[in-house]
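Lifted from TrEMBL, the feature list:
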- 52-72: transmembrane segment (TRANSMEM)
- 92-114: transmembrane segment (TRANSMEM)
- 134-151: transmembrane segment (TRANSMEM)
- 163-186: transmembrane segment (TRANSMEM)
- 198-221: transmembrane segment (TRANSMEM)
- 233-252: transmembrane segment (TRANSMEM)
- 259-279: transmembrane segment (TRANSMEM)
- 299-322: transmembrane segment (TRANSMEM)
- 343-366: transmembrane segment (TRANSMEM)
- 386-405: transmembrane segment (TRANSMEM)
Amino acid sequence: MLKKTFRARMIASAEAVEAMVEVIPWEVVPESLERKRIDYLAERKKPLRARYAYGVIFLITNLWAWFVRDYAQRVLPELQYMKSCGTGGNDCFHTLGVLRVSLGSFIFFFLMFLTTSKTRKLCEARNAWHSGWWGLKFFILLISMVVPLFVPSDSVQLYGEFARVGAGIFLLLQLISVIQFINWWNKYWMPDEQKKQSCSLGLFMSTLFYIASMSGIAFMYSSHAMKSSCALNIFFITWTTILLIVMMVISLHSKVNRGLLSSGIMASYIVFLCWSAIRSEPANEECNRQKQGNGNGDWSTMLGFLIAICSIVMATFSTGIDSQSFQFQKDEVQEDDDIPYKYGFFHLTFSLGAMYFAMLFISWNLNNSAKKWSIDVGWTSTWVKIVNEWFAASIFLWTLISPVLRQSKVMDHEEPVQEIDNSAVP
């Protein structure tokens, strides 16, 4: 009797469980869930549009910093009567003027970082703050730009020292983002042997990158290392060539086997950094014949200057939206109500970018008196770019070698275990 009762209860429990886990067909899903999904898609478009608005704000601050450095002393003579601007208002123009604009931009974006850093879902109030309330945010931006005009010059100089560190951190973040993009591109174009068309296209592109890199090396030798007296340029170019060869050899090593595309892209990148560093050297007749920052404002100088500003904005924007490269857990499932990118990281990158554009406008020299239409010119700028080049090559080489080292450590750890297991067999 007890067995029959127990069996009946078990059968009833099993039927109840089957009823609970029965799969509901898609046709009977409530329409409210579909409406929610549509609402989430519409809500996700707002922060995606908002990031372009922040990019425009950042571009405007860059242009304002240029105006303050080159023309504000003549157009805004009223600033000379402010106590914080010093005698003749010189402390609100030129180098210190750029630092004041940079400080204002940093304050605005850092406030945005503090107010949006913990945002996770589209339904949160901080998401609405990030994507809307533009009238209030433009008022805060205006206040942020005005406040640094009342800051004493010594404090602005101290901010300049702090901005050097922030600009260095920005370059590091940008470098990591570039390397992650190169690795993604390599996986996309050269995934496996089954996609022969993609692999052949990847091989073609890697050949183009290496041809461009070698052509750049030849051009720099012919234009910036004409004489034996240009020893420093010869060293820069030769060391870049050595790094290029080392990256190619390691990429083709049997244990690494990463192909030529990623190393080809990185080779082009470090050649560009080397060329940019040599271009930043003060002009001279022997090793750098270009006329940089001569103040004449000819069309080629203006065009190069505006392209440089747009490059700063694009570099900041692309790094800011690339928060996935800096996540420790890269396999997180994206839900419908999750924000499309990390707002806190986005604004933090822009605040560091504000420090970075200040360093470019003053050529990393707090006592610099930059000429009109010049940007990132001087020996300090040259060495910053050279060190950035060497650091980029070092990080890339480490990304090639580190998986091999980890694999060898795992194999060394597994071999003693196998020996013990074999000895245990009679």
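Any Cβ shown, glycine's included, is placed from N, Cα and C.
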Answer yes if the transmembrane segment (259-279) and the transmembrane segment (233-252) have at least three CB pairs under 8 Å among residue pairs 6 or more apart in sequence, and no otherwise.
yes
How about the transmembrane segment (163-186) with the transmembrane segment (52-72) - do they touch, taking at least 3 C-beta pairs under 8 Å (6 or more apart in sequence) as contact?
no
Among 134-151, 198-221, 343-366, the most Cβ pairs under 8 Å with the transmembrane segment (233-252) come from 198-221
Which residues of the chain, 6 or more past the ends of the transmembrane segment (386-405), have a CB below 8 A from one of its CBs?
171-172, 175-176, 178-179, 182-183, 236, 239-240, 243, 246-247, 250-251, 255-256, 258, 262-263, 266, 269-270, 273-274, 277
